[in-house]
Structures are given as C-alpha cells and as structure tokens.
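K.L.:
Checked Swiss-Prot, it gives:
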TRANSMEM  41-61  transmembrane segment
TRANSMEM  69-89  transmembrane segment
TRANSMEM  91-111  transmembrane segment
TRANSMEM  133-153  transmembrane segment
TRANSMEM  155-175  transmembrane segment
TRANSMEM  179-199  transmembrane segment
TRANSMEM  217-237  transmembrane segment
TRANSMEM  282-302  transmembrane segment
TRANSMEM  359-379  transmembrane segment
TRANSMEM  380-400  transmembrane segment
TRANSMEM  419-439  transmembrane segment
TRANSMEM  457-477  transmembrane segment
C-alpha cells in the first residue's frame, strides 16, 4: 500500500466558504427569493411570539396586549433588519428580539413600586413604560460604541483563535432552547426534527425541473406536514385530558392570538404612553445591551461565513453595532419588551438553504412589516406551537456553532497554547452560565444578590450569556499568553488583510454602503 502524501489529505484554509448557490451579493430569481424570504419570516416568528408570551402575563397584560406586543416586535424586526442590511454591516442578517434582555425586564416587573398596583391593565402599562425608559437609555451604549468606532478599536484584539469560542457558543449556548423544549411535546417536536433533517440533508439532491425544491424549502415543507399533524391531534381531542402546560406546548389553538388580533393595526412610537425613567433600571439594562453586542458580533462573523463573504473589517462591525443600537432605541420608543440582536436561527437557515443572498433577507423584512400590520393573518402564522420552532433550532443552532469551529482552520491546533485557550473558553462559556441558571432556579435569585438590585441584574445578565463569558476568557487569554511570539499560531496573518476596509478588494464588493454613502462615511 502506497503511503499517503500529506498534501493529498490536507484541506487548505479558505477565507470564503465554498458550496453556496447564492452568496451575499448574488440574487436568486424573484419568485425563489420571495419564497425564501417568506421562509425566513416564518422562522423569525418563534422569538417574536415567545418573548411577549412569557413577559406580558407577568406584567398583568391580557391576550390583546400580548398580540399588540407581538405585532410591534415583529414590525420592529422588519424595520431593524432593513436598516442593518442597507446601512449596517450589510450582511444577510435578520435582527430579532433578544433573550438577553429578559433578566433586567423581569427585575423591573418585580419592582415593588409596580407590583403594588392592583389594576392589572394599569400595572401592565406602568411596567411597559418603565421597560421602555430603561431600553431607551441603555441603547446609547451601542450607539456610542458603534458610531464612535470604539468597537472597531476593540475588535482589532480579536484573532481567529479568540473568536472560535465566541462564535461557537453563539450556537451551542442556546442548547436550552433546543431539545429541552422539544421534550415538552415530543409527539410533534420529534417528527419535525426528523423531517427537517431528512428534507434538508438526505433529500437535498431531489430536484423538480432542475430546481432543488426540497433543500431550499425543507423548513416550510416539514412545518406544513407537522403543523397539519398537530392540528389533527388537537381536533381529535388527543390533549383534552392532558395537563394545561402540555396543552400549551402541543395544541394549535391555545395561543389565542388569532381571536385577539385586530384586522389592521399599525404600531407607532410611544403607543403605550410616555416612558418613565429610573437610573437603576437603565444601568441593569445596559448589561443586556453589552451582551447583545457580543452575541451579535459573533453572529455577524458567522453570517459572513455562511454568505460566502470575507470576515467583516472592524469598521464594518462597528457600523453594524451602531445601527443595532439605533434599532434598540426604536424598540424602546415603540415598546417591544425586548432589545435587538442578530437572529442566530436565521443565520443557520442561510447554510441550510445554501442561499446567503442579502435580497432574500430584505424580502423577509418586508413580510415582517406587512404581516405585523395585518393582525389576523400574522397571528395565523404566529399560532404555530413553539415546540416546532425548537425542533428546527436543534439543527440551525448547531450549524452556526460549527461555523465558529471552522475558524480553527486558520490556526495551529498542534499548539498546546491554542488547545488550552479553546478548551477552557468553551468549557467555562458553558459551565458558568449553567451555574447561574441552576442557582437562580433553586434560590429564586442569581448568585449576585446584594442590596443593590441594579448591580445584581448587571452581573447576573452578563454571566448568563455563554458568548459573553467565552469572549472575556478567550480574548483575555489570547492577548496575554505568549501573544507576541504566537501571531502565526493565532491565525493573525490570515485576518491581517481584513483589518482595514481597503486591505482586500472584496471588502468593497461586500460591504460598501448603497446610494454612494461611502463619500459621507469613509471607511477606515
């Protein structure tokens, strides 16, 4: 047997992912683009419905209030997605709600000045205004860091080895929203997971008139089948005598969104009244803004990879963070009960469909805005059981995590230093947030429990985020352990040309602003 030569089994690093049908600036035919945009819209509904469904009842709101918040959040998702794809990073990213904001928001909900209000509707409005005020003030963090280019300066300390744990945990860190939620209704969650894998992977070469229809629309095909199956189970009375929580997770008629939704409703700023401002609430909310900044930074790099673009230069990253801050400000003004962050599941769908086109995401933003104003039609799609979304998350979150691991190709993984940094960062990025979650479940408060509530919320929010913990550990270790002698091992030569906008000719192709706006905002 002949010896295998190393060059025959090695895989040279590639700064652009190969194998996509359409990259960031190539567009499918209009019909296909519209259908793919609708698929991204359907996927974005999961977060848009789940966050208000958790928070609104805690605030004293009814089903009508929940529908208005869902519509408002969906409307702002569309607006912020358009802003990001036009003027921000210009990557094909959906900007959705962020779970990072739930800790400070729940703290505001339990504020003694609000819980003493007896009238549920008045308590809901008062709490909403307090949340709005905190989000409006906290949004200034990302606006300042982004548009002042301070985040560009910070991101120059990020090497491939330092970003691997951050991007990987952008996906892996969401494991509790995957199969643990599928397990709440296995009879519809497991079939959805299996069908989605079969359609997107095993049947991806099935073509109709030379078009890979199953691969492109695996999500919609599987969703239609399982949603119809879930409706049959509901109509047949399969859940009639099951516990209430099981019915919430499995039935297709439990959300009350359709009956509570108006036919037409256009969200507008300050629709809940004038926001109220509290320094403690605002400071705690700033932690959530910092977390969404880190999570979005990792997600932007993953999106660039799955859109077959080059790594975004620091200037572009900072610009995107600035516009995300504008989006958080709009969320506060409109009252969405959430800030903004890049939707990780929609990034995963770029890889699943092999379509990284910017136009597709802009079309999906149009669907979000349109259906948020047509309440009944939007509520129809929003009534899909969340278990179905969780099944898809199991695949898409894992795909995004693997994109993070793919950055190891630029580094020397025969280096004990690099093995130490990656391993410790990944482990602590999973272990520390899990400790904070377990502690909170048992003690009903986080490990940080002092007399200063804002300080508790700040620390608990920071350390509940896996990408945040991973970034602190990985970037610190990477920039303090033999950093001068190991530039090549860290992968810095590969990213050197992407540190400035003009360092690579492809940057101009992928990241130049439209309408010749680069004249007024020259890249650094």
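Using N, Cα and C of the backbone, Cβ positions are placed for all residues, glycine too.
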K.L.:
Spell out yes or no: are there three or more C-beta pairs under 8 angstroms between the transmembrane segment (282-302) and the transmembrane segment (179-199), with each pair 6 or more apart in sequence?
P.N.:
no
K.L.:
At a threshold of under 8 Å on Cβ distances, which of 41-61, 69-89, 155-175 pairs most often with the transmembrane segment (419-439)?
P.N.:
155-175
K.L.:
For the transmembrane segment (359-379), which recorded stretch in the set 41-61, 69-89, 179-199, 217-237 gives the largest number of Cβ pairs separated by under 8 Å?
P.N.:
69-89
K.L.:
Hey, does the transmembrane segment (217-237) touch the transmembrane segment (179-199), meaning at least 3 C-beta pairs closer than 8 angstroms, sequence gap 6 or more?
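P.N.:
Contact criterion met.
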K.L.:
So what's near the transmembrane segment (69-89) in sequence-distant terms, Cβ-Cβ under 8 Å and 6+ beyond its ends?
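P.N.:
Residues 44-45, 48-49, 51-53, 55-56, 61, 95-97, 257, 261, 265, 267, 271, 300, 303, 312, 316-317, 319-320, 322-324, 326-327, 330-331, 334-338, 340, 358, 361-362, 364-369, 371-373, 375, 378-379, 382, 511, 513-514, 517 contact the transmembrane segment (69-89) from elsewhere in the chain.
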